[in-house]
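For reference, the structure discussed in these notes is given below.
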């Protein structure tokens, strides 16, 4: 069976996108892992599936699979690529696109300059919703490993995030602390780990160790998580530039009770076919 796909990226966070409306594709976990291999497959951080909506008041259903084959709740950079893909492939001509995901609904806006704004919904700081093992909600949590004690914020952006503030993003122990915290017992569903350097109240630098992927060039939900945690800790204002290794995103949030909005690029690289 030949499957049509597009390779896309958002600030270097790269995706294979499959139209599962005009095709009928089912991929096993082993097949996804094989396709994700950058030497023997296509190579990607996440695989995105475009599916028919589950509800008549939505345009599409959006599914996300990590490179390790696990289906996850949310991917912000992927959402921007999803929006560009469905327009590019003629699946819709709308500039405002509504989609369902495993963790809730998103609204995607195609901007005049070609960038995409995503209404990411409301952040959730309740430990049980992240999920994080904690007796109560805190601004900062103390998390201990055998050799390290870290102070972090935690939030769900539809998926679990832990954010650490660091003095210098270039020397942050991403490769050491990333996997330790991702798989820490206090995160029952594992977590994405952000390392945030505050440059000013409207500017941060960020590296993200993504759950099931390792460090990526960009993470949209990670950028949102870092911004909202910095905001509630009174370190950031309501509009922030987030510099990631792959480029910059603009994140806007007016505080609890309001949705987070993320704006950034979505790039098409090539189309192809793969035999399953």
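Heads up, the Cβ atoms here are built off N, Cα and C, so glycines get one too.
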Candidate sharing the substrate site with 13, 66, 76, 77, 159, 192, 210, 211, 220, 221 (per Swiss-Prot), from 31, 46, 241: 46
Chain-mates of 13, 46, 66, 76, 77, 159, 192, 210, 211, 220, 221 with C-beta within 8 Å of site centroid, substrate: 45, 64, 72, 74, 75, 78, 208, 213, 216, 219, 222
Three-state secondary structure, residue 77 (substrate binding site) (per DSSP): helix
Sparsest-packed of the listed binding-site residues (13, 66, 77, 192, 221) - C-beta count within 10 angstroms: 66
Where residue 211 (substrate binding site) falls in three-state DSSP terms: coil
Spatially closest candidate among 13, 77, 221, the listed binding-site residues, to residue 270 (site 'Important for dimerization') (Cα to Cα): 13
